[in-house]
């Protein structure tokens, strides 16, 4: 059985020999059994390290950026929401551009490295008080200087983040044509994401507990966020350095060798390959399944992002009623969310092939919806902390299952066309950036200026906004299943 990778065909051969057929020429490349076995174990783990820095930043960005801007820098809720929208818009616009350029120029690892450099130069500064932005001082220039300063950092940071995300995702289809291997790599990637987020919340919890204790987050807590951002930046730099030193795309190396051997005119005409690539992109754009898959991913990401953003703000809201709970809950509850995510991602890694990606997505959406109903019906201001941790467990389970299964559906859509992987992933992930940003701005604009007028506002957000995301995900899945069953056979 032949598996196609662009213009190259890889035949199934014994464990120690791999054959490459290129323009009626056959090459036998001996690969020792132990070497291949080593690649299967170690390279998958190293691949997972490639997105750790992005995941660390994402956890800090979604969970604490709004809290930091509003409680520490004392920005108005609408301005803080606009900052998040700006980041999501830039991310969304950068995503397709990076996807097209990454498929056409240079290698995915080079693009990945460029993105990591941009993230390193800007992310730590997002959680450091800007120059001249003194606490409890109402200078007129802060009304324009503070938003302008952080807007510039956000623009550069999001360009770098999008570059890392798309280049890292696009490596998956180029590693293997096997759906099982792709699902495993996607699960490993998500488990690395969960561990990264756990690290952020654990570090935040330690910093909040070790520093001066307070019931509320305020302007004097700026150094706590600074310390957390510097620590995770150090971890992120270490992981992406290991990735770039140790990770080698074995398939890409073999394809490069074949091109060198046939450089005397027997290799494919690159102009024809470019035309074929453009036609493949048009082919994907004409597929309804692409947009249905995008909706599955959008609603799974929207639920995940809104949960990350508003769980800490909901907990801060509860402190006005239960002041004895302490501010460290803004770290401990998200920590439980990601412990649950880690457990279910491990479980999904071995079970997703047996139950199917679409069934897994439905189960994840159902768990997400149950968590929202629980918040609406039982998590009142005097509700026990135990209930909050149980709901956090459901949130983690639902988000992990829907995210992993939606990415697996995307990998199945790409199929053997790994050379178009970055473009397809950029199309699928484009909408979620815009939708998330618009949702946050709308939520913040409807927030009451007087806290007493809507004391449980963020509880309502977790109920209706997150619950709505889960419902829309189920509806999108139903449409996808219905259309696929009624698609005429060719």
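Along the chain as shown, residues are numbered 1 onward.
Cβ coordinates come from backbone N, Cα and C, glycine included.
Per TrEMBL, the listed range annotated as transmembrane segment is 148-175 (candidates: 8-35, 148-175). By the count of Cβ pairs under 8 Å, the stretch nearest in packing to the transmembrane segment (148-175) among 75-98, 187-208, 289-310, 386-410 is 75-98. Among the recorded stretches 45-69, 75-98, 360-380, 462-482, the one sharing the largest number of Cβ pairs closer than 8 Å with the transmembrane segment (330-348) is 45-69. When each of 45-69, 187-208, 360-380, 386-410, 462-482 is scored by its Cβ pairs under 8 Å to the transmembrane segment (289-310), the top-ranked stretch turns out to be 462-482.
At the 8 Å Cβ cutoff, the transmembrane segment (462-482) and the transmembrane segment (360-380) share at least 3 close pairs (sequence separation 6 or more) and count as touching. For the transmembrane segment (228-247), same-chain residues at least 6 beyond its ends with a Cβ under 8 Å from one of its own Cβ atoms are 42-43, 46-47, 49-50, 52-53, 56-57, 60, 64, 109, 112-113, 116, 119-120, 123-124, 126-128, 199-200, 203-204, 207.
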